[in-house]
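Quick notes on the structure that follows.
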Amino acid sequence: MEDEEMEKKVQQYLQRRGFRLTELALQEERNRLSTSSVSDVALARSENDPARYSDGYSKLRTWAYSSLDQYKHELLRVLYPVFIHCFMDLVAEGHTQEARSFFHTFREDHELMHSRDLQKLEGILSPSHLEYSYELLLQYLQKTQALVVLGIINERITFEVSAGQPSLISDDTDVVALVGTSKDLAKQINQKEVHWGLLEDSVEERMEKALLESEKTEAEIKDAEAEDNNKKKSEGGKQGGSVKKVKKDKVVGGATGKTNKSETSMVSVAPRVKPELTLPVMPIEVEQSILEDLRNRAQLNSLALPSVSFYTFLNTHNGLNCSSISHDGSLVVGGFSDSSVKVWDMSKIGQPSKTSSPQGENGPSQGERISASDDGKKSYTLFQGHSGPVYSAAFSPFGDYLLSSSSDSTIRLWSTKLNANLVCYKGHNYPVWDVQFSPVGHYFASASHDRTARIWSMDKIQPLRIMAGHLSDVDWHVNCNYIATGSSDKTVRLWDVQTGECIRMFIGHRSMVLSLAMSPDGRYMASGDEDGTIMMWDLSSGRCVSPLVGHNSCVWSLAYSCEGALLASGSADCTVKLWDVASSTKALKTDDSKVGSTNRLRMLKALPTKSTPVYTLRFSRRNLLFAAGALSLGS
């Protein structure tokens, strides 16, 4: 009432004094304020309307899907966080029914990429569910005035708070890691030096030198014969002979010179380093085999793509967990959920099996072989010994040994010549997800759910080194001095096998890392994740060279060609994709001052299968690409 009386007195004063313009201005201001108050009430009512979340998200979704293809992929990424916050705001405001309706209406948009998160969010039905264990912990510490513990938590421990149901005690190995702050830790770790070059006097280097010397000797002999013939001819004949000599040199270079040129440009220019592990002696017959492969190696580039041989597992009934192919493609192994390991010899496919009857009524003992046949057309060798599903299998570089890892927390070494189990390695406390031989054999690495990676040698039952903090995938550097591990924490780490120390941490993936591959020159590494993204890293600097975007599901396997010009990727989307990595790495080498790369690597070709997710890839020493997977009738 006092405000109204004051306004009346002011208006009377203005009229008495004749300030007409001021009186009109005051009247307009009074009308504007009254209109604003009405709109504020309407806005408050609209803010309480739960339908505004569904309308707003729906409009954003329609706009994103109708945008240009050039921008659509990046714009669609915004939908998921907006969807999550709209749902949680509805729950926080008490609109339970509207929140549930909103969740189920737009859930399909994110089911493929974020099914695990959606399963957790589905259990949130009331505002009380949005209270986190972290908040309850802080409330208790503050009420009880536990200042010492509160100070330790605030200063030393970093909590990652996420929505969903409280985790179970069985999930402890997934959520607890002594890593500190990721970005700060990565900066500190990545300052360490990495010797990414190839081994001194490596096998392939010796083979290349021997190959070049033999070609040089052959060329000299031909030149000497040509000179002897030319001496008997006239001067014009000598000129003609010199022309033929040049042509012969070109022919010799055409057979193997292309391979050597490619090897020299991509691999041989890499620096040489000394091995930190004692390397095994290579048999003479193996060296001869490698020499023969080098002589017949095909040169690959963006114009000359590899031939691909795809092995398809049939009638696995969703029991195949992993597969691997030997370096020459002659052997294929599969690890199954029934704890069995089966090896197929490609040379015997389609031939009648010599031993098609079971070995005794009581079955074989551990590690014993059974040769079975399917109507005499398909034969395999069965290895039994594990007591749980087999998650990984890998051949030695020369195919004479086979490693397998299982949920029974053991690793088994098998002989493909004796068809028997040689050693059972125990040490991990949880399922072993991956196991890989080193490039020279004898040593191998394993990665387990107990968040450790371990280095082993075939002649010792105890691990040589233990690297703590990671699980999932593991791969060797080409010089055997480092191993790389990928994990569910969305990072990749590089470890020194001599000290067991983490010397690189690669941050950039947005989902679990599932596959790794090292380039032949040892400078680059590729990693694939659950979302279908592949990232190529420079080991020297620790930064991402370029992302590879093209798959729309998990990338399960990666493989570099022998000269490092191409990268092959295999995915759960039933495709094999070939990428041109040579052009990007050359650009990086010419300008190392640039931070990052704005150009993504070029996809050269996509090779779709009919309905077979790609489990594994392997380039042979002759640059033939092998792939394997199990036919999925449900896809």
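Each Cβ is built from the backbone N, Cα and C atoms, and glycine gets one as well.
Note: TrEMBL annotation is automatic and uncurated.
What you see is a predicted model, and the numbers here were worked out from it, not measured in a lab.
This prediction places the mean pLDDT of the domain 'TFIID subunit TAF5 NTD2' (47-131) at 81. Feature annotation from TrEMBL assigns domain 'TFIID subunit TAF5 NTD2' to 47-131.
Residues or ranges marked as compositional bias 'Basic and acidic residues' in TrEMBL: 212-236.
Residues annotated as region 'Disordered' in TrEMBL: 212-267 (among others).
Packing against the repeat 'WD' (313-347) from elsewhere in the chain are residues 293, 378-384, 386-395, 397-399, 402, 404, 406, 408, 412, 414, 416, 615-616, 618, 620-621, 624, 626-631: each is 6 or more residues past its ends and has a CB under 8 Å from a CB in it. The annotation repeat 'WD' is assigned in TrEMBL to 313-347 (among others).
Among the features that TrEMBL reports, region 'Disordered' is placed at 349-373 (among others).
Marked as compositional bias 'Polar residues' by TrEMBL: 350-365.
Applying DSSP to the repeat 'WD' (383-415) sorts its residues as follows: 0 helix, 19 strand, 14 coil. Annotation comment: TrEMBL describes 383-415 (among others) as repeat 'WD'.
Taken from TrEMBL, the feature repeat 'WD' applies to 425-466 (among others). For the repeat 'WD' (425-466), the DSSP-based tally of helix, strand and coil residues reads 0 helix, 22 strand, 20 coil.
Summarising the annotation, TrEMBL assigns repeat 'WD' to 464-505 (among others).
Among the features that TrEMBL reports, repeat 'WD' is placed at 506-547 (among others).
Among the features that TrEMBL reports, repeat 'WD' is placed at 548-589 (among others). Cβ atoms under 8 Å from those of the repeat 'WD' (548-589) belong to residues 73, 112, 259, 262-263, 265-267, 297, 299-302, 305-306, 308, 310, 514-521, 523-524, 526-536, 538, 597, 599-619, 621, 623, 625, 627, 629, 632, 635 of the same chain, restricted to positions at least 6 beyond its ends.
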> Reported in the order helix, strand, coil, what are the DSSP residue counts of the repeat 'WD' (313-347)?
Replying inline: 2 helix, 18 strand, 15 coil
> Taking DSSP states H, G and I as helix and E and B as strand, how many residues of the repeat 'WD' (548-589) are helix, strand and coil?
Replying inline: 8 helix, 20 strand, 14 coil
>> From the DSSP assignment alone, can you count helix, strand and coil residues within the repeat 'WD' (506-547)?
In response: 0 helix, 24 strand, 18 coil
> What are the DSSP helix, strand and coil residue counts for the domain 'TFIID subunit TAF5 NTD2' (47-131)?
Replying inline: 63 helix, 0 strand, 22 coil
